[in-house]
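> Structure incoming, see below.
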Amino acid sequence: MKESLHKLNILLTDFNESFGKRPFPLSVRRGMTYLIPILMIGSFALVVMSFPIPSYQMKMTQWFGTDWKSMFLYIRDGSFHIYSLLVVICISYTFASEYSEKKGLSIPPIIVSAVSLCSFTAIIGVSKKDFDISSLGVIGIFIALVVTYLSSVLFIQLSAIRYPKIKSYTGGADSTFQYAMAAIFPAAITIFIFAFADHMLVRLFGITNVQSFIAEVLNRIFQQIQSPFLSSIFFVLLVHIFWFFGIHGSNILEPVAKDLFLSALTSNQMAIHAGQEPTRIFTKTFLDAFTLMGGCGASLCLILAILIVGKHKNLRKHAKISIVPVLFNVNELIVFGIPIILNPVYLIPFIFVPLLLIITTFISMYFGLVPYTIHPVEWTTPIFVSGYFSTGSIAGSILQLFNLILGTMCYIPFVKADEYLINKRLVNSLDQVCQAYKQMEEQGKKPALLSRHDEIGNISRFLTADLECALSNETIQMFYQPQVNFEGKIFGMEALLRWNYGDYGFIYAPLTIALAEEAQMIDKLGYRILDTACADLKKLNQMGITELTMSVNISAVQLENDQLVKDVEELIKKHDVKAEHLKIEITEQVALSGSNKLLTNLKKVKDLGIKLVLDDFGMGHNSLIYLKEYEFDTIKLDGSLIKELICNNNCKNIVSSIVSLGKALHYSVIAEYVENEEQRQILYDLDCDQYQGYLYSKALPYDELVTYLEKNQSTIKETVSIDIS
């Protein structure tokens, strides 16, 4: 089983790499995700309005009057009945953002959305006499997807062409106005092409409504099939193929369903009234009650599979939200929310689980295990209730239970495969965010991740929301890495911020800090870090290690806030630690941004008895200037100096100069990233005898730190510095 699941994961991963990661399928997935709130509202309105219990409907009429459904009809009109328009807007916007970012184009996504919306309206022909308003709802999704893709690509490609400039006589016109002027020609051409296409469809082929044309063709095909079993199989197959590609298959094939299945139920009822046995197995109630449990794709089976084996919290949350409407066969939230549309992972079960349930139900009724369906039931009637009322027997409910279990088992391996791909996409997306941040870091740019409109911006915003939850739930951790001198004596330790992000592992700590700063959460995060560090220091003091110094990394944003000094004073008193046992650590980048407010707050902190540490010294902007401006007690050498120490004589000379200067200015020097004996020996020869790195220990969680200190108790000195960078 595990081997088969592994092969399925590989197969779907390969398919996902070739199809699912293309710009438009990705945009469909993300655009549909943006529409989840609208789907939730529409689903809720539909369930409240169509709740299939007569006493409920009667009570609602008594309490709120005969027109009580009007408000929910309006909500449905504002959600499901304009869903195609919303699809065009969201997917075109997402596609334009991603495509423009990758191609290096500066086209505002909102203009692309507007052009796509105009193109869609042009081709469906709103002004036609036979125009059906339902074309703007879920029925028109297929046309919406096709037009969105073609119009977006066409407009973006046309925007790359140079056109005659339209002179603007508006003084001081801003960039928005210039973008609007530049879009006139490509927008006009794009919209004209779609209007012309609609005109030619009417003129040459007499097609005034594409959806109606498709339904008419299919109706003719079904009239040629004589076998009810084959007709039912083909019907369900087509419904789900259409749904997978965004076409509301049930509505497209509604005329077929009436001809094939409604008449069959009527025939069974007439036979019962005549005292005869019913003869028609395949009815509309047969499909609604036993095949499409929870809606198309037997969505209730999918939800149960997610709740049974799903581990991804967002997927499980989505399933829990969807389960109530799905019980009443309203499944738009699960179909468009996961989404199943254009999702290669669910192609096989979404199509073939309903086909399997047709076969099991047919066999059960054919051999007399379950009575034929003889009573009509509302399509919103929940499972088990519909099985009982449609057949007039508890055997109908038992068959539904069997089908539910069978369908759920079929979905389970695909849910596992989907989670595998979700985790893989998450890892890739987080890697992209980390790489984007590191690139900004290397270029010395101020990080601006949350304001981006591409996938990096989306993931950064989700990451920031999760960071806020992690702060509220107190799941941010501190790890500690020992600091050791040449004789092997432990003289300190650095505390490192650690945020464990599930399957991804630990988030790059500077990225966490950058997101907190951009989201204006850095003061809250900084307080939590300082609080945790002081609490751990107190616990170590209670173990008998009473002279520990703790170096806490503080960002420039925190230092600009007067609250920092108050927080430090408060936490010193709260945890009963001495001020002289704390150190504030800043990087060269923080020092570079030194404003008067920052300098004033640093002085106030130092007046409390707290010492200053400068990190990453030696390779920054005019490093020596900082030694004049700030009274540092400790300097930590830049890691790049240590990494190249063995093969680069210039690095040796720089380290030697810094150490000599330290002796003259009375500050200590710590070398980070010491990973082997050769590095340590070279540093010692250069008069640097304080080290930190994998040569001695990796960063340890608090419990492992205690174990480490107990094992090396004889080598502990009385200073421990803790940094949270």
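Cβ coordinates come from backbone N, Cα and C, glycine included.
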> Can you say which of 203-222, 463-482, 683-702 is given as transmembrane segment in TrEMBL?
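Result: 203-222 is the stretch TrEMBL calls transmembrane segment.
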> Return yes if the transmembrane segment (177-197) and the transmembrane segment (31-53) have at least 3 CB pairs under 8 Å (sequence gap of 6 or more), otherwise no.
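Contact absent: fewer than 3 Cβ pairs fall under 8 Å.
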> So, do the transmembrane segment (229-247) and the transmembrane segment (348-370) meet, by the test of 3 or more Cβ pairs under 8 Å (sequence gap 6 or more)?
yes
> In terms of Cβ proximity under 8 Å, which residues at least six beyond the ends of the transmembrane segment (289-309) contact it?
236, 239-240, 243, 249-250, 315-316, 318-320, 322-323, 326-327, 329-332, 334-335, 340, 346, 349-351, 353-354, 357-358, 361, 373, 377, 381, 383, 386-387, 390, 396, 399-400, 403-404, 407-412, 414-416
> Report the listed stretch (73-95, 203-222, 348-370) having the maximum count of Cβ pairs within less than 8 Å of the transmembrane segment (31-53).
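Going through each listed stretch, the top one turns out to be 73-95.
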> Would you kindly check 73-95, 133-156, 348-370 and say which stretch has the most C-beta pairs under 8 angstroms to the transmembrane segment (203-222)?
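It is 133-156, which has the most Cβ pairs under 8 Å.
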